[in-house]
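J.: I'd like to ask you about the structure that follows.
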C-alpha cells in the first residue's frame, strides 16, 4: 500500500535486504511471471466489477456499493500502472534504483512510487470505510437510510484527496515515508477494519439485531462469515507487510525472498477484493450471468421465486407484528422491526 511496492521498502535503506540473498536469474524470471499473472487478474477482475456496475441499473441504485466500486477503481489503477512498472524496474531487487537511474529510468521510478502509494492508499481507505459504513448501518439503521448519493460522493472524493498527499512523501522524506508515515497509517486503518467487524459480529452474536428477522439464523451466519472473511483476508494481506516494515525501521536485515513473499500477499489484496465483495452481491452475479450468456427467462424465473419467498416471509412477519398488544412495553420495538428487513437488505447487498 503506502509503499506497498518494494520500491518503497528498499529505497534509501541499505539494511532492507540481505546482500547474501540476491536472486538468481531463474528466480527473477519466476517472480516476474508470478507478478505478471497477478497484474492480469487484478485488471480483469476489477475492470469487470466496474463494467457490471456501469451497465446494471439495480447495482447502481445501491448506494453502499459506491465505496466498493471506488475500491475496485483504485485496485485497477494499481494493477494496470503500478504493478507493471514494479515488474519492469526489477520488483525491488538490491540496487535496482541505482541501475534504473543509470539507465535513465528516474521518471519511471517516480511514477511507480506515486501510482503505488495513491492507488493502494485509496484502496485501503475504501475498505476501511466499507467496514465503517456497515457498522453504521447496523448500529444506526434509521440514520443510515438518510445517507444520500451526494454524501457518498463526498466521501469518495475525500478518499482521493487523502491519498494524493502520500505521493509527495517520496520527495519530502525519501526512503523514510514508509516507516514513519505509511506503516502507522496502515496500522490505524487495519485496526479500524478489525474493530468494526468485531463489533458487528458481536452485535449479531448477541441477537440484538438479527433476532428481528424471519430468517435470522441463516442471515446472521452468512453475514458473520463474510465479515470474518474480510477481517482474516485483510490481516493476511497487510499484517506481514506492516510487521516487515517495522523490522526494517529498526534496522533489521530482511532477506530478498521474504520481501517478495510479503509483497505478493500485499498485492493479492487488490485481486481478492472483487471476489469477496462483488461476487457476493446477487445483482452482480446476475449481471455476470447475463454477460456469460445465461438465459434471461431463467434468471427472471429465479428472481420471481426468490421475490415470492421474501414477500411471504415479510407478510408473515407483518401479521405477527400487527397482532402485538400496543400496551406491551416492547410494542414500539415490535413495530420498529418492520423497518429492519429493508435496512438489512441494503447491508446484505454489500456483504453477500
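Every residue gets a Cβ built from N, Cα and C, even glycine.
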J.: Which is it, of 4-28, 29-53, that TrEMBL names as transmembrane segment?
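T.: It is 29-53 that TrEMBL describes as transmembrane segment.
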J.: Looking only at the recorded stretches 29-53, 65-87, 152-173, 179-201, which one has the largest tally of CB-CB distances under 8 Å to the transmembrane segment (107-131)?
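T.: Comparing 29-53, 65-87, 152-173, 179-201: 65-87 has the most Cβ pairs near the transmembrane segment (107-131).
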J.: Looking at the stretches 29-53, 65-87, 179-201, which one shares the most CB pairs under 8 Å with the transmembrane segment (152-173)?
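T.: Stretch with maximum Cβ contacts: 65-87.
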J.: When you check the transmembrane segment (65-87) against the transmembrane segment (179-201), do you get at least 3 Cβ pairs under 8 Å, counting only pairs 6 or more apart in sequence?
T.: no
